[in-house]
Amino acid sequence: QFFVFCHGLLQLSQLLVSGYLKSSISTIERRYGLSSQTSGLLASFNEVGNTLLIVFISYFGSRVHRPRFIGTGAILVSLAGFLMSLPHFITGPYEYDQSVASTFSNTTDLCQPGLPGSWANLSDVTCTPRATRENHEVLLVMFIAQALLGIGGVPIQPFGISYIDDFASERNSPLYLGILFSVTVIGPGVAFMLGSAMLRFYVDIDKVSGDEVQLAHEDPRWVGAWWLGFLVAASLVALAAVPYFFFPREMPKEVGEVLQVDLLALHMHTSCFPLVLLRNLRHPVYLLVVLAQVNISAMVAGLATFMAKFLERQFSLTASLANMIIGAVNIPGAMVGIVVGGAILKRFQMSLRQCSAMCVLGMFLCLLVAVPLLFLGCPTQKVAGVTYRDSSEFGHHELECNLHCNCPEKAYNPICGSNSIEYISPCSAGCRAVTIHENNNSVLNYTNCSCISQKGLPGFAKPGTCGTGCSHLFLPFVVLSCLAGILASTSHTPSFMLILRSIQPEDKSFAVGIQFMLLRVLAWMPGPVLYGSAIDTTCILWEKRCDRKAACRYYDNTRFRQR
């Protein structure tokens, strides 16, 4: 029972490391200028290390000192977690365009006519060879960390399950495995809650004092302390790893009937390996159910990675709040669905045909509920020169009102004009003056803006984006997406039953192993990359860093939602 407790703790902390990345993905994109395709590849890269090794590990399952192997894997996972946070410590402080000169920079992004040179330093200073090299280093470190995370995670689940199953009594084994399974489902929810907590802190909380931070949480330039969660999670894994080095190679079996079942061990005797593989893949039920699982898993993998980013963009939420919703509503919803599905299965002792009918029904209802999600959202807010061109009132007014300001192309400090049009920076709105809150140096508003005219007089603007004006649709969206998740996950257990009961008993563990291999290769690896690429195609304005495309500033929200 102590082993089960330790293993539950270890699996939870391991899932914290891998799940936390998904919760902070939009923040890491913004901090290091990554496209969603790159971040999607990063998010699924741990599956690469995992897949390469899982076959060997399962094969050697019964011949090694399993607890020590698990402990070693956990140490690797912990190392990977610390590595993930390393980029924060090897790069300088986060830089963003400011309207108020501060200790970082004496440039400001207001409209300053007659100072053609004032801008040069802002745009060129970031393009040293060092900055370019730094960026490659950051990506390299993160990809290595993800690969390590995958490799370290390999022995944890199969060895833990087979160890428990070997030495637990027959009566208790399902209970123990049930406990572990519920932990693996809760884990990602806890990871998103951790993300929600950490992203409330400013990224450079360790490098600058609080009063120097001029950004509010709602500011589109805000970057939260993404690295902090990795330190927390990695420390937890390291703690959880310690007991494994003291467990014996074999335990006296709990009192009960002896039955050796090696759960995920793929018994591969070289001679019959191809035969068993062919026999299973020729089986139509097995093949179709696995393909169905591949499809839904690819969707779940893509959504888990980018759902928070989607909520941030569609409903103008902070990263912290988006993670909170996913961790507290969507993931528990999926858990409820899995439990309900299992309960119905047990209560009505379903036949295979009824199992498949239940899967179809769950998916069909899920689709019905999900159709309205296509329409719950708003178009992108009007952004001058990006999504909106004001030619009606003044002819070419838009282009000329800020010509004398000599604005840099790169400036990004969105403000919302009194005409509810958003401008990329105070300079592009032609604002010449700024009012500052005297206590904490934060900007109250911008005045004397030549592009924002009201009744012929220059208008004013507030800092921050105008937002999408979609807050009233947020609640219906969350309710419907949660409901769709519940309905879809009711088919989780029946689909597993279809697989386990449709194949010959002696192929069971092999078939489950092949199923997980196919899920990894066809769903969990490509899923986030495909979603990321689709999201990238909806970008309207890319940030430029040293002539390379960095993160996306503005998406076409309607396209983002539909794709």
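Even glycines carry a Cβ here, placed using N, Cα and C.
If you look up TrEMBL, you'll see 1-563 marked as domain 'Major facilitator superfamily (MFS) profile'.
The feature domain 'Kazal-like' is assigned by TrEMBL to 395-450. This prediction places the mean pLDDT of the domain 'Kazal-like' (395-450) at 79.
Taken from TrEMBL, the feature transmembrane segment applies to 40-61 (among others).
Marked as transmembrane segment by TrEMBL: 67-86 (among others).
TrEMBL lists 138-156 (among others) with the feature transmembrane segment.
Residues or ranges marked as transmembrane segment by TrEMBL: 176-203 (among others).
The transmembrane segment annotation in TrEMBL covers 224-246 (among others). For the transmembrane segment (224-246), the list of distant contacts is 2, 6, 9-10, 12-14, 16-17, 20, 23-24, 27-28, 31, 67-68, 70-71, 74-75, 77-82, 84-85, 87-89, 191, 194-195, 197-203, 205, 319-320: same-chain residues at least six beyond its ends, Cβ to Cβ under 8 Å.
Annotation source TrEMBL lists transmembrane segment at 285-308 (among others).
If you look up TrEMBL, you'll see 320-345 (among others) marked as transmembrane segment.
Annotation source TrEMBL lists transmembrane segment at 357-377 (among others).
For the transmembrane segment (176-203), the list of distant contacts is 4, 7-8, 11-12, 14-16, 18-20, 22-24, 27, 31, 88, 94, 160-161, 164-165, 168, 210, 213, 215, 217, 222-229, 232-233, 304, 308, 318-321, 323-324, 326-328, 331-332, 334-335, 338: same-chain residues at least six beyond its ends, Cβ to Cβ under 8 Å. Sequence-distant neighbours of the transmembrane segment (138-156) (same chain, 6+ residues past either end, Cβ-Cβ under 8 Å): 10-11, 14, 17-18, 21, 28, 32, 34, 38, 42-43, 45-54, 57, 66, 69-70, 72-81, 83-84, 86-87, 90-91.
The residues of the domain 'Kazal-like' (395-450), classed with DSSP into helix (H, G, I), strand (E, B) and coil, number 7 helix, 19 strand, 30 coil.
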